[in-house]
Each structure stands twice: as C-alpha cells, then as structure tokens.
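Peer 1: Just lifted these from TrEMBL, have a look:
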| type | residues | note |
| --- | --- | --- |
| DOMAIN | 3-158 | domain 'Glycerol-3-phosphate dehydrogenase NAD-dependent N-terminal' |
| BINDING | G7, A8, G9, S10, W11, G12, A139, R254 | NAD(+) binding site |
| BINDING | S10, W11, Y47, K104, A139, R254, V278, E280 | NADPH binding site |
| BINDING | K104, G135, S137, K190, D243, S253, R254, N255 | sn-glycerol 3-phosphate binding site |
| BINDING | K104, R254, N255 | substrate binding site |
| DOMAIN | 179-317 | domain 'Glycerol-3-phosphate dehydrogenase NAD-dependent C-terminal' |
| ACT_SITE | K190 | active site, proton acceptor |
Amino acid sequence: MRVAVLGAGSWGTALGYALATKGYDVAMWDIDMPVLQSITAHENTRYLPGITLPSSMHGEPELKAALARAQLVVFAVPSQAMRSVGTQAAPLIRDKALLCSVTKGIEVDTLMTMSEVLQDVLPQRLHSRLTFLSGPSFAVEVAREFPTAVTIAGEDAEVTSQVQRAFHTPFLRPYVSDDVVGVEIAGCAKNVIAIACGAGDGLGYDANTRAATITRGLAEITRLAVARGANPLTLLGLAGVGDLVLTCSSVKSRNYRVGFGLGQGRRLDEVQAELGQVAEGVLNAKSVKALAERAGVEMPLCGMVYAVLYEGRDMADLRSFFAERPLKSEPEHHLGRWTRRFRRRGRRVAAGPATPDA
Ligand SMILES: NC(=O)c1ccc[n+]([C@@H]2O[C@H](COP(=O)([O-])OP(=O)(O)OC[C@H]3O[C@@H](n4cnc5c(N)ncnc54)[C@H](O)[C@@H]3O)[C@@H](O)[C@H]2O)c1
C-alpha cells in the first residue's frame, strides 16, 4: 500500500513508522524541511529522536507528489492547521483513497470538530472515505512497538474496516466504531481534564484527587458528547476512558505537565516556554467551554481550567470544586437524559413488546 502522512511531527511519524513496518511505502509531508530531511535519513531527530525509521519511509517536500499515488492519506497536523492542509490537499487526493485523521481537537474560530472541518474543505466524493483515529497512545510508545490499542471511527463500515486493517500491526490493535462525534469530543475534552489532573498533583494532592478528577471529568465529557448525539458507551471505550486515564496520569502528556506547573503556582507562559511544544488542552479549554455553553451542558471542571488559563483564577481553587459546589447524585447526573430514556425503554421491554421498537 502507498501512504501519504501529512504532518511529520511526533504522531504522524509514529504512525508512519507503524505503517512502514508492514512494508507500506510511506511518504511523509510537512512544512518543516529539516524534519523531512532527517526522516529520509531514517530518524526524525526533532520529534522522535533515537528511533530508527524503516527504509520504506521517506520525507516528501511536495504535497502533490506525496498524494499523487497515495491509497491511504493520514492527516496528522495540529487541529488549527487542518483547514489549510485539507484545503491544499483536496484537489490532489485520488478518488478511491482511504482518509484517516489522527488529529484531536476543535477549530477555535468555528468550534468545528476535525470531521466537520474536513467535510467543509474536501469534495463530497471523499466524505464517505473519511475515518478518525483516536485512543490512548503516546507517539513514542507506538514507535517503540509497545502494545497499543486505538479506535477508528467512520460512517462507512467498509471503509472503516479497510483503514482498521491497514493500521493493524503486531503492536497496534485498532477497534472500529461508527460513533465519530463521540470519539472526537472525547479526544478533545480529555486534554482539559488532564490539565486539572496535573494541577492536583502539582498542588501536592495524590491518588484520591486524581481518581475523583478523572471520574468527574469523564462525567462532564460524557454529558457534552451525549448532547452532541454520541453513544454514551463510546465514552467507556478506548477513545473515552482509555485516553482520559492515559492523559491524566502520565508526565508524557503535555497537558498534564502544563497543569502540574500551574498547580505549583507557576505562570502559564513560563510553563509553556519550558515545554517547547503545543499543549492542545490550552486551546481546547476555550473550545470546550464554548461548546458546553452552546449545548447547555454543565462542565464545572473544564470551566475552572478555563478560568485559570484565561481569567486569572488561582489553580489552588481546585479545592473549591470539591468543597463549595452543591451536592449531587451519580450516575443519574452523569448520564442525564440518556439514562432516563434507557429506563423508560427498559420498563417498556419488561411490560412486553407494546411498540415495534421495544
Ligand atoms: N504526540 C502524541 O503522542 C499524539 C498521540 C495521539 C494523538 N496526537 C494528536 O496528533 C496531532 C498532532 O500532534 P503531534 O504530537 O504529532 O504534534 P507535533 O507538534 O509533534 O507535530 C505537528 C507537525 O505538524 C506540522 N505542521 C504544523 N502546521 C502545519 C501546516 N500548516 N502544514 C503542514 N505541516 C504543519 C509541524 O511542522 C509538525 O511537524 C494532535 O492533534 C495531537 O493531539 C498526538
């Protein structure tokens, strides 16, 4: 198979590596020429130093050349670059190509998910070819061939299963799903909760606070995803709880590290400068707040992270999330309308098939 990976950063390179281990011909494209040169020399010295890349992988500076023969196109650029890259790629992609976005995030100006952005810029003929890969996966661990499982969501079952087979290697196990919106909302909102988790640790709290933040964070993300039409069970899978636990409990997560620094009382610009890379959760906090307001969904942890990042609130106020808010119940609160609908349906089923869909 011939593959084009657009975006030769950590994640694009790690997935390019996985595909190249199968003998696929992988062309990596990016605007960063030194990165492409280093890939052709079999190492991405900037984003994945120390990993020897297979010889079937090379840097390709021309987008047209990268896409001309590609049977699988992987979009791995940061979320805010997706529109411009998708627009440039649109006229160059072959009709029968499989498409997979591995980017997590929401476009800040429009509040569109990556699937909405790509549908906006790609011709109609390619919409059914689109799939979205997400799940608990640090790039460096995939490139070291540590066993990893991900979810690939798409609306066309046959296309999604072809992409699943393409990414399957002895160390990378993809599951398929038809819940694109659930997978996308989970992949974006978990970054904001990771900042809260890092902050708890930075403040000197420990396992209790982390577990509470992850669990209540999951409740918030589920509410938003369900309000947008997601299946709540998606949030219990790899793209939901899997990615949330990964991001919230490892110093490999940039978002966790930003939160940790803020929890220690350091300034955001200082922490970000030290990181030297983008922590998408800082932007995601804005988008998630706006999406929650639009959907009329309560997301107090995400709201608090937003207030710390953009309104000067002190991260030490994480304590007030636990101490001052009105007491609630779970899981009714957590699954909201969906749970009530489920119960009504359960009562109907118990009473016999009164309606054809019971
Ligand atoms: N790093 C990980 O472990 C990981 C894991 C899973 C998902 N992701 C997701 O993958 C996406 C990419 O993350 P990353 O970690 O690879 O980022 P990165 O910062 O390591 O790399 C981004 C790459 O995109 C390139 N780029 C930026 N703007 C571009 C443009 N306009 N045109 C062409 N290339 C452009 C940059 O030059 C860089 O090489 C994010 O949405 C992230 O959430 C990352």
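Each residue, glycine too, has its Cβ placed from N, Cα and C.
What you are looking at is a predicted structure, and each value in this text was computed from that prediction instead of being measured.
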Peer 1: I'd like to know which of these binding-site residues, A8, A139, V278, is least surrounded, judged by other CB atoms within 10 A.
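Peer 2: Across A8, A139, V278, these binding-site residues, the one with fewest Cβ atoms within 10 Å is V278.
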Peer 1: Using Cα coordinates, what distance in whole Å links A8 (NAD(+) binding site) and K190 (sn-glycerol 3-phosphate binding site)?
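Peer 2: Checking the Cα atoms of A8 (NAD(+) binding site) and K190 (sn-glycerol 3-phosphate binding site) gives a distance of 23 Å.
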Peer 1: Please state whether DSSP places A139 (NAD(+) binding site) in a helix, a strand or coil.
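Peer 2: The residue in question, A139 (NAD(+) binding site), is helix (DSSP, three-state).
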Peer 1: With H, G and I counted as helix, E and B as strand and the rest as coil, say where DSSP puts S253 (sn-glycerol 3-phosphate binding site).
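Peer 2: Once the DSSP labels are grouped into three classes, S253 (sn-glycerol 3-phosphate binding site) ends up as coil.
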Peer 1: If you measure K190 (sn-glycerol 3-phosphate binding site) to W11 (NAD(+) binding site) at Cα, how many Å is it?
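Peer 2: Spelling it out, the Cα of K190 (sn-glycerol 3-phosphate binding site) and the Cα of W11 (NAD(+) binding site) are 17 Å apart.
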Peer 1: If you average per-residue pLDDT over the domain 'Glycerol-3-phosphate dehydrogenase NAD-dependent N-terminal' (3-158), what number do you get?
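Peer 2: Taking every residue of the domain 'Glycerol-3-phosphate dehydrogenase NAD-dependent N-terminal' (3-158) together, the mean pLDDT is 97.
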Peer 1: For ligand 1, pick out the binding-site residues S137, D243, N255 that have a CB under 6 angstroms away from one of its atoms.
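Peer 2: Near the molecule: S137.
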Peer 1: Mind computing the max CA-CA distance among K104, G135, S137, K190, D243, S253, R254, N255, which the record assigns to sn-glycerol 3-phosphate binding, rounded to whole Å?
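Peer 2: Result: 16 Å between the two most distant Cα atoms.
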Peer 1: Please work out the number of neighbouring Cβ atoms within 10 Å of the Cβ of D243 (sn-glycerol 3-phosphate binding site), leaving out its own Cβ.
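Peer 2: Excluding its own Cβ, the number within 10 Å is 25.
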Peer 1: By Cβ count within 10 Å, point out the most packed of the binding-site residues listed: G7, G9, G12, G135.
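Peer 2: The largest 10 Å Cβ neighbour count belongs to G12.
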Peer 1: Summarise the domain 'Glycerol-3-phosphate dehydrogenase NAD-dependent C-terminal' (179-317) by DSSP state, stating how many residues are helix, strand and coil.
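Peer 2: Going through the domain 'Glycerol-3-phosphate dehydrogenase NAD-dependent C-terminal' (179-317) residue by residue, I get 108 helix, 0 strand, 31 coil.
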Peer 1: Since the record lists K104, K190, R254 as binding-site residues, which of them has the fewest other Cβ atoms within 10 Å of its Cβ?
Peer 2: R254
Peer 1: Cα within 10 Å of W11 (NAD(+) binding site): which of the binding-site residues K104, G135, D243, S253, N255, V278 qualify?
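Peer 2: Candidates kept after distance check: none.
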